[in-house]
Amino acid sequence: MKTEIINRFISYAQVDTQSDENSETCPSTPGQLVLAQMLVGELKAIGMQEVTMDSNGYVMATLPSNTDKEIPTIGFLAHMDTATDFTGADVKPQVIENYNGQDIVLNEALNIVLSPQEFPELAGYKGHTIITTDGTTLLGADDKAGIAEIMTAMDYLIRHPELKHGKVRVAFTPDEEIGRGPDKFDVSAFDAVYAYTMDGGPLGGIEYESFHAASATITCKGTNVHPGSAKGKMVNAAKIAMELHGKLPANETTEETEGYEGFYHLSSIQGDVEQTQLRYLIRDHDRNRFQERKSELARIVEELQKTYGEKRIELEIKDEYFNMREKIEPVMEVVDIATQALENLGIVPNIQPIRGGTDGSQLSYMGLPTPNIFTGGENYHGRFEYVSVDNMMHAVNTIIEIVKLYEQRA
């Protein structure tokens, strides 16, 4: 099974599926359709039933029940796209057997080294088989590790009919990294009572709390005049943008917060004297504090509009997703079973809030409670991304154990 999961993961990682937030299609990039078609073929080859891919690239399949018991249908999901933060083209995964705990030279020519001195958690993987990048791309363990784990678990269950289980649905979705994963997901067609995204990080992670999330775009408009005769005439849009940013709490940024602490994240700033645009991510686990953050940003904009004129500054805020805890707590069985599965396997559950979101954040509000489970990856979205194959195997066993527990509890 170890060789199978390595081969699966590498074959997926080599397909460029980076999503594109500027695209209006679904999926946002053609590479995701290439991977989707691969997955359809593989699902059919291992014996899954009702394998479908719709016009938007959503892949679904069924593992039929093999018992007469009435068992709730559960689902497992992973996303096909990779992050926009770093290139996902021409990924060259490197497999390191029995990692020795020392520096890993990812790329000798470019002097790119993955070091436990810079990433202390790496030392904890001594003795593991790990997969890294070659230092020039991201790896795509987020979330192709999840795809490989779901596929391997389904393959195992099909090969072992003596393991009794209810109906299991799987889905592979596009465009999670740009926040559109569930936009065209057909919850009624998926037809599961509960689901799990395999989209987490290190071993043991179970997550059922996400941020409340919004994005803000602020456009500052100036008047450009020759610097030599600008007095009393020039209005510098870039300077307005700097003033605006300076009014936000300096200790409430991504670099200064952790755990349940929310933040304002200036994700991009572009412009000049004539026009400058700021883009922010607004995040908080608490709904009231989330609303306060949006209101505070609006208040700052209004304050500056009084100084520079209402037409000089425009603010657009869009809600993206909400904390799935509000939808999962009423049905905590879905979390309890995942926790029990880990304990049965001798894995210590690590239940933490997600400082981000998953497809499950939105799916939970669409009527499908969907907590998140670890995949074994680290350092997502960059050249130092890696995944432990040993912990990928633990994730496979976790899926199998969850399926078994639903049958046993029926």
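The backbone N, Cα and C atoms fix where each Cβ goes, glycine too.
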Listed co-binder of Zn(2+) 1 (same site as HIS79, ASP199, source Swiss-Prot) among ASP134, ASP142, ASP155: ASP142
Residue among GLU97, GLU177, GLU343 sharing the Zn(2+) 2 site, where Swiss-Prot lists ASP142, HIS381 as binders: GLU177
Integer Cα-Cα distance in angstrom, HIS381 (Zn(2+) 2 binding site) to ASP81 (active site): 11
Residue pair ASP142 (Zn(2+) 1 binding site), GLU177 (Zn(2+) 2 binding site) - Cα distance, angstrom, rounded: 9
Distance, GLU176 (active site, proton acceptor) to ASP199 (Zn(2+) 1 binding site) (CA atoms, angstrom): 10
Whole-number Å value for how far GLU177 (Zn(2+) 2 binding site) lies from ASP81 (active site) (Cα to Cα): 7
Where GLU176 (active site, proton acceptor) falls in three-state DSSP terms: helix
Shell list (Zn(2+) 1; ref centroid = CB of HIS79, ASP142, ASP199; cutoff 8 A): ALA78, ASP143, GLY146, GLU176, GLU177, THR197, MET198, THR358, ASP359, THR375
DSSP state at ASP142 (Zn(2+) 1 binding site), helix/strand/coil: helix
